[in-house]
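> Okay, here's the structure, questions in a sec.
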Amino acid sequence: MTTTQTVNQQTQGNLSDHLTLGHNISTSGPDLATKEFKQASGGNVSDVTFVEYEVLLPGVSGTSVEKNITLDRGTRIELSCRLDNKYSHLKSLQVTWKRGNETVKHINKTETSWSIQLRILDNSKLGSYSCTLKGEEEISAVFNLQVPKIEGKEKPIVSYEGDTAVMICKSFGYTPIAWTWYMTNGSEQIAINDTLLANKYVINRISANVTHLKILKLTNEDNGVYWCEAAFDLGKSKGKLKLKVLSLMVPLKPSLAIVAEVVILVTIIFLYEMYSKKKEKGSEAEKEFDQIEQLKSEESNGLENSSARHRKI
């Protein structure tokens, strides 16, 4: 017998999510949720995990609620839209479920709850499903079914020529079947084979959810965008990383700029001192010249005075 575990999660506003998980665990007593699901699907679900997501519609005209649902393996799923009881006065509601432009058949669980049931066996059934209630007011909700997202790194990884760069990708809460690394060459993505290029690349699966790519002996050609791809039962998901390789001259540029500034400053000081000394020497020479001229003038005046005295005698 399949047991059902129910978890209620409250989110902002009047939106709440109701999640029901099915597990193969023996338990005593009937399981109403499992029986209802089995009857609706017309199959045996004793060995199949299923999930049920329910969105509580706020009942405000023009409001749209969005819910992201992550699936990594095949499952049965039920998506439900339920109108809050305080809006049960809304009458003659026209309910429509769609996937894109395609209408999906739904069932009326209650007077205020409508659902669709899906078997997700591959990525062809992933995507966005919407329920819309039309009447006096229009209310809608969107369920986005997607494979787990891979966490890359937004900021570029910066390293220098000759060094080793390490890039990391993680999958939180879900275990990929396999990891694959790609490098971008123009518009193409080329898979990295670390077996054939063991002297350049090393790929390590640190844990089931984490993978590392080591790039050895970096050169300018290693600049660019890299992708890590995680494969799940229902599809693949990629994370993006960017590597920036700097020349060894780059860290020296600030030092060279400082040295150049110091050299220029020293040169200016040296030239200024030379100019000052030259100016001082010029001033001293002018003073000497003035003194000599003054002495000559005094001697000349002395001779004139002596001649005048001799004439008087």
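Each Cβ is built from the backbone N, Cα and C atoms, and glycine gets one as well.
Remember, predicted model here, so these are calculated numbers, not experimental data.
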> In TrEMBL, which of the ranges 89-113, 289-313 has the region 'Disordered' annotation?
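In TrEMBL, the region 'Disordered' feature sits at 289-313.
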> What is the pLDDT of the domain 'Ig-like' (58-144) when averaged and given as a whole number?
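Reported value for the domain 'Ig-like' (58-144) is a mean pLDDT of 87.
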> Looking only at the domain 'Ig-like' (58-144), what are its DSSP counts of helix, strand and coil residues?
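Split by secondary structure, the domain 'Ig-like' (58-144) comes out as 6 helix, 52 strand, 29 coil.
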> In the domain 'Ig-like' (148-247), how many residues does DSSP call helix, how many strand, and how many coil?
3 helix, 57 strand, 40 coil
